[in-house]
Structure formats: structure tokens, C-alpha cells
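K.L.:
Here's a structure for you.
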């Protein structure tokens, strides 16, 4: 028997990431090749943006995706989020020239407060929310705090792009395929302060740390390369990383919904106090996923170097959180 369609909301649907994302969702890459989807697409109520969204929808129609059971354009989150099972919050105020992340906080706080309230009011009670729009961790925190009737664990932030970037750098360094790397993960904020940790990673049972055996490379090359990759792509391409961000969003939701098959992945989730991260901080953790739920992988020892790195990214997140607290009422 055919499965009932799942409703997927995507905000900023006519943007670069939306364009790289929607066709793949409609093709079944995120929720499974047997899972029909209804796309509920949100753009700002600006005539140009709504017109662009219509154009994207025309293209999606022209793909004749067998799994696409419906598609709607919206300008209001209260209608866009009606009964949604998955919400990808991609749209955010972009960073302009000379703007710091801090400048983005208040502009985005308004957007994500409104979207959190709308999800609280009209989404499925089991909605899975992934925030992609930056600053992703704090935007996810704002949305979560604005949706008191939804379980807090339903709100997540995207660290999977950092995770995937780290995987590809380790693969290049070791000359091994990406698929052979296990137990690599990322702590903290989706920002240059994130801490990609391969101390426990293995390739075919061998320790990656022992294979590389180069703390200077780790500190001076690997971590800055992963942390500043987004800026390097803007520098090279003149546009921000859209296709790789869309790909990471698909990976994140696919694993959350369908399970990671025992593999450790990275998700930004509200802390329960694990690894001494204060309650409710939206933080990248090593997790495994099964049956639509994620679980923090406990028991990794945090050495002095790692604790220092984790504290730096935690401090940044706590500063961001303090910067929006007054906006949350």
C-alpha cells in the first residue's frame, strides 16, 4: 500500500539553497524513494520573491516527479507550516558587507520568533525542524523557545555541512574514501569556532589520529580549513555555498527520519547537559539516529585541548544567546 504523503515546508524556497534542495526532496532523496511528499514553500511577501518562487515551482512541475503529491506557494508561515511533518528553515537575513554575525542576530530573531510561533500553532506535533539559515544554532534556539508546546528535541541546527567538510578533508589527507571514515564528529556552533574532532575516528578499524599523527596540521590546517570553508567558497565563487548546504540538509533529515544505521553523525541539538554543555544550548554533538529519534553518543573522553576548543565555541554560543534573550520576552 502506498504511504501517505509527508508535508515538507521549506522557507526561503526561491533562494540559492532552496533551488539546490527542492528538486532532490521531490525526487525522494531526503525521505525515501517510496515516500510521497507535499511541498509547502514559503517566501517573503515581496512580489519579486513570490514571482521567483512561481518560476521554481514551474520547473519542479516540469520534472514530473512521481513522488510529488502536491506543492503550494505561501507568503505567511501560519499557512506554510500547516500540518507539516518536516520544516527546513533555510530563509534568513543574509550577511551584508562588513556585517558581523552579531548584526545578524536581531534581524534574524524577528524571523525565527515568528516562525517558531507559527510552528507552535499549526505544525504537526511531531514536526522535525532543521534550521539552516545562519546563525543556525541561535536561530534554532530562538525558534525552539518560541514554540513552547512542541517538544524541544524537535528543533535542530545544521552542523552536517561542517561534518561533511571535515570528512572530505580527512579523506584527502589520508587518501582513503569518505565512506570508510567512522566516528568523526563536530562540536559546537556552525561557525569558524566549531571543533571537528577526529581523535576517535577510524578508517577500516585503524585510528585516524595515528594515521595522520600531526597535531600541527590539525591545529593550523585542518580546523581552519573546515571552519573557514564557507568564506573560502564565497571568495572563489562570488556566492555562498548553496549546493553543499542543501546536500547537508538532506543528509541531516534523511538520517533523522530514516536512521543512521549505527553510524555517528553530527547534529546541532538542545543540550541535556551532556559533556558539560549547559541545558538548552543548541550545540553540535555526536549522535546516532534510529526510529525518528537521535541520541547523543556518550563516553568520549574530552582532553584538555578539546575542552579548550569546546569552551571557545560554547562561549560564542552563550554570547549569541545572551544577545537575543531580551527579544524572547
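The backbone N, Cα and C atoms fix where each Cβ goes, and this holds for glycine too.
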K.L.:
Please pick, from 108, 126, the residue that Swiss-Prot records in the NAD(+) site together with 12, 13, 14, 15, 16, 17, 18, 115, 132, 133, 134.
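P.N.:
Within the candidate list, Swiss-Prot flags 108.
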K.L.:
Between C-alpha atoms, which of these binding-site residues comes nearest to residue 190 (active site, proton acceptor): 16, 18, 133, 134?
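P.N.:
Going through 16, 18, 133, 134 one by one, the closest to residue 190 (active site, proton acceptor) is 134.
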K.L.:
Whole-number Å only: compute the distance from the Cα of residue 165 (substrate binding site) to the Cα of residue 16 (NAD(+) binding site).
P.N.:
19
K.L.:
Under DSSP, is residue 16 (NAD(+) binding site) helix, strand or coil?
P.N.:
helix
K.L.:
Measuring Cα to Cα, how far is residue 16 (NAD(+) binding site) from residue 134 (substrate binding site) in Å?
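P.N.:
Residue 16 (NAD(+) binding site) to residue 134 (substrate binding site), Cα-Cα distance: 14 Å.
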K.L.:
From the Cα of residue 134 (substrate binding site) across to the Cα of residue 18 (NAD(+) binding site), what is the distance in angstrom?
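P.N.:
Cα-Cα distance, residue 18 (NAD(+) binding site) to residue 134 (substrate binding site): 14 Å.
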